[in-house]
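Residues or ranges marked as ATP binding site by Swiss-Prot on the basis of sequence analysis: Gly14, Ser15, Gly16, Lys17, Ser18, Thr19. The domain 'DPCK' annotation in Swiss-Prot covers 6-211.
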Amino acid sequence: MRGLVRLGLTGGIGSGKSTVAGLLAELGAAVVDADAIARHLTAPNGPAIASIAATFGPDFITSTGAMDREKMRALAYADITARQRLEAIIHPLVRQETQRQTLLAANQGHPCIVFDVPLLVESTTWREKLDWVLVVDCTPATQISRVMARNALTRDEVEKIIASQASRRHRLNAADAVIFNDSLSLGALALEVDEVARHFGLSCQPLSPNQK
């Protein structure tokens with residue numbers, strides 16, 4: 001396959017999607033990480049902070065000038081209209097930065113761009129922009145145990161997050177390829193990623209030291 005390849009990458013929380021993105025980056029892909037962009041937007045004095053404060057009030061901004069993630073998470077999962085108001089602030093800014101990073105990666109000559117998007121399947125606009133969709137999958141039990149250990153959330157909190165995302169079946173139905181990452185070692189996962197890259201004909205090559 002010649003030319004720039006646009007690969008959508010998604011998976012439920014705790015699936016290992018970000019690890020897969022990192023492995024693809026090591027092969028030379030440019031990664032556009034929607035979560036990382038959103039975190040930047042809501043970091044201290046980030047581009048979204050003023051609108052969040054105006055919409056939700058100063059109680060949702062920490063003393064450092066960042067969005068209070070814990071408080072906002074609780075509100076968003078309890079009140080769908082609040083979540084929609086937050087998304088109306090965040091999503092246009094994420095799209096703008098995504099477009100900037102995509103253009104930059106293309107101009108730099110990357111063979112493929114990986115769009116790491118947690119809510120890719122839920123979106124009505126992403127699929128038409130992509131050549132392929134790769135889903136990183138694992139069982140719900142594995143999701144829960146990983147996220148509880150990583151984020152210090154309760155089981156109930158993790159289950160609410162999982163319930164707010166696309167169903168496992170929905171994600172799998174949208175996939176052009178699937179990596180089942182339930183109990184893979186990092187080495188085994190890397191081999192799976194290499195196989196997927198070959199399957200799609202991605203011309204990714206490991207980065208040389210001066211490119212990293």
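Including glycine, each Cβ sits where the backbone N, Cα and C put it.
Taken together, the residues of the domain 'DPCK' (6-211) have an average pLDDT of 91. With every protein chain in view, the residue among the binding-site residues Ser15, Ser18, Thr19 whose Cβ has the most Cβ partners within 10 Å turns out to be Ser15.
In three-state terms derived from DSSP, Ser18 (ATP binding site) belongs to a helical segment. The Cβ of Gly14 (ATP binding site) has Cys138, Thr142, Gln143, Ile144, Ser145, Arg146, Val147, Arg150, Val158 as same-chain neighbours under 8 Å, each 6 or more residues away in sequence.
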